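Novice: When I checked Swiss-Prot for this same protein, it listed these features:
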type     : residues                                     : note
BINDING  : Leu51, Lys76, Asp101, Asn127, Tyr214, Lys218 : NADP(+) binding site
ACT_SITE : Ser180                                       : active site, proton donor
ACT_SITE : Tyr214                                       : active site, proton donor
ACT_SITE : Lys218                                       : active site, lowers pKa of active site Tyr
Amino acid sequence: MAPPKFSITPEKEASRSQWIHRQLIAKTPPVAKDVNLSGQTAIVTGSNTGLGLETARQLLYLGLSKLILAVRSEEKGKAAREELLADKEAGSGEIEVWNLDLESYDSVIQFADRAKALDRLDIAILNAGLFQAKETFIASTGYERCVQVNYLSSVLLMTLLLGALKSKNETRPGRLVLVSSDTAAWANFKEQKSRPILATFKNKADKWDMQERYGVSKLLGQFYLTELAKRVPASVVTIDAANPSFCYGTALTRDGDGTIAGLLLNGFRRVVGKPTAVGALSIVHAAVSFGEEVHGQYAEDGEIRPMAPIIYKPEAEEIGKQLWDETLAELSFARLEESIQELTS
């Protein structure tokens, strides 16, 4: 697709020099003072620590009435809940802890079914993800773990949550945010030439590159979000991606703790990384700022910015359609196409 009018080109946005500028110099403005989430309900996945926890905290600061912490470990989720309840600035919003395991399709479906039973759902932020130091596979699906969690299970959840997000309040549609990454723009994505595409992620890599695979998993999400936004009107659910930037104080790279690569990465993070509170603010902007103009777009530092350059290349249309068809076929048990059609009927 042709890029909308941005303040920066996709290629410049993806450059390392611009990344350093964003990390060390750029500022994220505060959320507008008139934003009030009183009466609203939000889900934040991966919210027991790091960016997810800080995002949840900031939503409560904005007056959110009900927060659902979606976590793999209920014990850690309950500890996060207690931390938020003890925060005097977080108000008196209700906080629930729900189990969600993105390595299991059954868990995703059960979570989505539970969400559909809510009286209302205004915001869903899909923040949970992982960064794998070693290549491993999910036995039940055969897919490499990073692609399974960051892409397949995440887009299954985002699509299943659309029905719950379909607003009962005509003044503002529900908002669905997929947390993305700068690394999507840096991915070589050699798998784009394969047909089918997804099946390549069931094969062992010739040489494991954890940043490349993480970036590819986030790029796949950008392709899917772009296709999904074409099929779901912004007036029904507004869908966007958020880039929190490279932050310290997160558990994303915990899989590499104790390794030389992990030590180097954590040291680098302390030099150029942003505090999690700043990264979370970008996510919150994607959830509460903007209007329908953010639909199908990518928000960073309180602005709408370009996604990975490939998203705007001529070949993106064919790649996006191929990936969409393969993804819906892989997730056919969930009847996602029918769910999408029901939203607009």
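Placement of Cβ uses the backbone N, Cα and C atoms for every residue, glycine included.
These figures come from a predicted structure and were not determined experimentally.
Tell me what's around each of these sites.
Specialist: Take the CB of Asp101 (NADP(+) binding site) and look out to 10 A: across all protein chains shown you find 18 other CB atoms.
Look at Ser180 (active site, proton donor): DSSP puts it in coil. Summarising the environment of Ser180 (active site, proton donor), the number of other Cβ atoms within 10 Å of its Cβ, over all protein chains shown, is 27.
Every protein chain considered, the tally of other Cβ atoms within 10 Å of the Cβ of Tyr214 (NADP(+) binding site) stands at 24.
Counting every protein chain shown, the number of other Cβ atoms lying within 10 Å of the Cβ of Lys218 (NADP(+) binding site) is 28. In the three-state DSSP scheme, Lys218 (NADP(+) binding site) is classed as helix.
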Novice: For Asn127 (NADP(+) binding site), just count the other CB atoms lying within 10 A of its CB, please.
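Specialist: Asn127 (NADP(+) binding site) is surrounded by 27 other Cβ atoms within 10 Å.
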Novice: Leu51 (NADP(+) binding site) has how many other Cβ neighbours within 10 Å of its own Cβ?
Specialist: 29
Novice: In the three-state scheme derived from DSSP, which category covers Leu51 (NADP(+) binding site)?
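Specialist: Looking at the DSSP assignment, Leu51 (NADP(+) binding site) belongs to a helix.
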Novice: In DSSP terms, helix, strand or coil for Asn127 (NADP(+) binding site)?
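Specialist: SS state of Asn127 (NADP(+) binding site) = coil.
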Novice: Could you state the CA-to-CA distance between Lys76 (NADP(+) binding site) and Ser180 (active site, proton donor) to the nearest Å?
Specialist: 24
Novice: In Å, rounded, how far does the Cα of Tyr214 (NADP(+) binding site) sit from the Cα of Ser180 (active site, proton donor)?
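Specialist: Cα to Cα, Tyr214 (NADP(+) binding site) and Ser180 (active site, proton donor) are separated by 10 Å.
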